[in-house]
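Chemist: Provided herewith is a single structure, encoded as structure tokens, for subsequent inquiry.
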Amino acid sequence: MLQLVAACPESCVVCTKDVTLCHQLTYIVAAPMTTRVLIITDGYLSSIESTNLSLLFNLALLSLSRNGIEDVQEDALDGLTMLRTLLLEHNQISSSSLTDHTFSKLHSLQVLVLSNNALRTLRGSWFRNTRGLTRLQLDGNQITNLTDSSFGGTNLHSLRHLDLSNNFISYIGKDAFRPLPQLQEVDLSRNRLAHMPDVFTPLKQLIHLSLDKNQWSCTCDLHPLARFLRNYIKSSAHTLRNAKDLNCQPSTAAVAAAQSVLRLSETNCDPKAPNFTLVLKDRSPLLPGQDVALLTVLGFAGAVGLTCLGLVVFNWKLQQGKANEHTSENLCCRTFDEPLCAHGARNYHTKGYCNCHLTQENEIKVMSIVGSRKEMPLLQENSHQATSASESTTLDGSFRNLKKKDHGVGSTLFCQDGRLLHSRCSQSPGNTTAFNEAGLLTTYNSRKVQKLRNLESGEVLPQTLPHHIIRTEDISSDTFRRRYAIPTSALAGESLEKHLTNESCLHTLN
């Protein structure tokens with residue numbers, strides 16, 4: 001908060017009834033009402049408030065340079081009706097801190113210096129009531145373009161000197177300077193101009209012009225300006241400062257012929273179209289805090305969008321996991337395309353439980369590949385020329401065919417909770433044929449069916465190998481060999497517990 005102090009501080013060099021000169025203050029000193037010149041420099045002021053200057057009706061010159069000022073209150077300068085010179089250079093004043101009312105009561109203002117601040121755009125409404133302004137210095141800011149509205153709507157008919165040097169200007173509208181008919185001096189040096197139209201022909205009073213230290217691209221679009229400049233320098237009353245520095249950028253083949261903007265003509269200009277420049281016109285200034293609010297809203301919207309995307313991905317992965325779990329639990333029942341009992345359907349009683357029936361034939365042997373590769377049941381017709389029973393107890397990674405000695409022909413083996421059980425088909429559906437997943441033909445013959453007695457959980461029906469054991473084809477790379485006879489039920493149980501999970505029944509055997 002700035003203070004209003006009556007006494008003259010020690011840091012003030014001059015304190016008279018007409019002049020007050022101070023430096024390195026953190027406040028605006030309370031100068032006498034008769035003060036005509038108030039200079040406070042190199043201090044630590046953050047803003048200009050209305051209470052600091054409201055009583056200085058006779059003030060003609062106010063200098064607040066190098067104070068770190070960021071904000072100028074809308075009515076801070078309203079009482080300075082006699083002010084002719086306002087120096088605010090080397091501060092942090094931005095375009096958003098100036099309003100249409102900031103300079104509106106300065107009817108006597110002739111010199112306004114806003115050099116080396118943080119201005120990005122210009123609005124003609126700032127200077128609507130400064131009819132007496134003759135010098136406007138805007139050099140050393142961050143201005144990027146001059147549109148037709150930058151000085152439009154102003155009453156700057158008395159403006160003689162305009163300094164826009166050392167900015168970032170890359171675009172100038174064709175009628176940007178038309179509201180300033182009395183301009184005598186224009187400085188556009190040290191900007192980023194590559195192309196611009198002939199904006200100076202309407203300025204009949206122009207006698208000093210600076211365009212050096214830019215990034216001129218000598219295309220044919222620049223030819224009208226080059227023609228104006230050649231005619232301009234023919235008069236001894238006109239001065240084109242640093243004309244030798246109006247060099248073309250070495251970017252095209254035409255540069256070798258032109259070399260300078262002044263030498264550019266229709267015969268040596270580059271016919272290539274220039275790069276397009278996007279010009280953003282500032283329709284209305286953002287109020288203080290609006291930019292922060294806008295960034296907050298955009299950040300929140302982005303966070304919501306990312307959250308929704310994450311939920312969609314998570315839901316998709318969850319559905320995939322459920323599908324894989326369902327597939328694993330019912331792998332036994334999905335192994336075959338049709339029920340293997342011609343009259344029986346797949347049974348899905350509970351989650352993780354399935355019955356899969358396979359009719360046993362004298363002519364059929366069932367082999368199942370159990371391993372790390374995809375399980376694929378193979379049904380092949382028995383060969384009666386099989387090898388001797390000496391190899392009958394060798395188990396090569398796959399189940400041998402199990403022929404039911406005690407339960408008769410037509411019995412069926414099926415899986416329940418990782419155990420091998422026994423059943424029979426209930427009726428004779430007639431002889432049928434079907435293809436398994438391997439493309440082999442399977443024959444189903446009519447058999448009588450005996451209903452399976454109730455079994456307790458974990459019970460396994462004993463099975464033994466018959467005396468005419470048939471040699472099993474080795475169809476799995478995951479093999480192990482044993483050379484001693486063991487019961488069939490033990491083989492089946494051990495192999496199932498090794499290769500099958502507790503939740504899924506992976507294979508059905510005859």
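Cβ coordinates come from backbone N, Cα and C, glycine included.
Per Swiss-Prot, repeat 'LRR 1' is recorded for 34-55. Annotation source Swiss-Prot lists repeat 'LRR 2' at 58-79. Residues or ranges marked as repeat 'LRR 3' in Swiss-Prot: 82-102. The annotation repeat 'LRR 4' is assigned in Swiss-Prot to 108-129. The repeat 'LRR 5' annotation in Swiss-Prot covers 132-153. Marked as repeat 'LRR 6' by Swiss-Prot: 158-179. According to Swiss-Prot, the feature repeat 'LRR 7' maps to 182-203. According to Swiss-Prot, the feature domain 'LRRCT' maps to 214-271. Look at Swiss-Prot and you will find 294-314 tagged as transmembrane segment.
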Chemist: Residues of the same chain, at least six outside the repeat 'LRR 6' (158-179), with any C-beta under 8 angstroms of its C-beta?
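Modeler: The answer is 115, 124, 131-148, 150-152, 185-194, 196-197, 199-200, 202-203, 205, 210, 277, 279.
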Chemist: If you run through the repeat 'LRR 3' (82-102) with DSSP, how many residues end up as helix, strand and coil?
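Modeler: Per DSSP, the residues of the repeat 'LRR 3' (82-102) fall into 3 helix, 4 strand, 14 coil.
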Chemist: If I take every residue in the repeat 'LRR 3' (82-102) and average their pLDDT values, what number comes out?
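Modeler: Summing pLDDT over the repeat 'LRR 3' (82-102) and dividing by its length gives 96.
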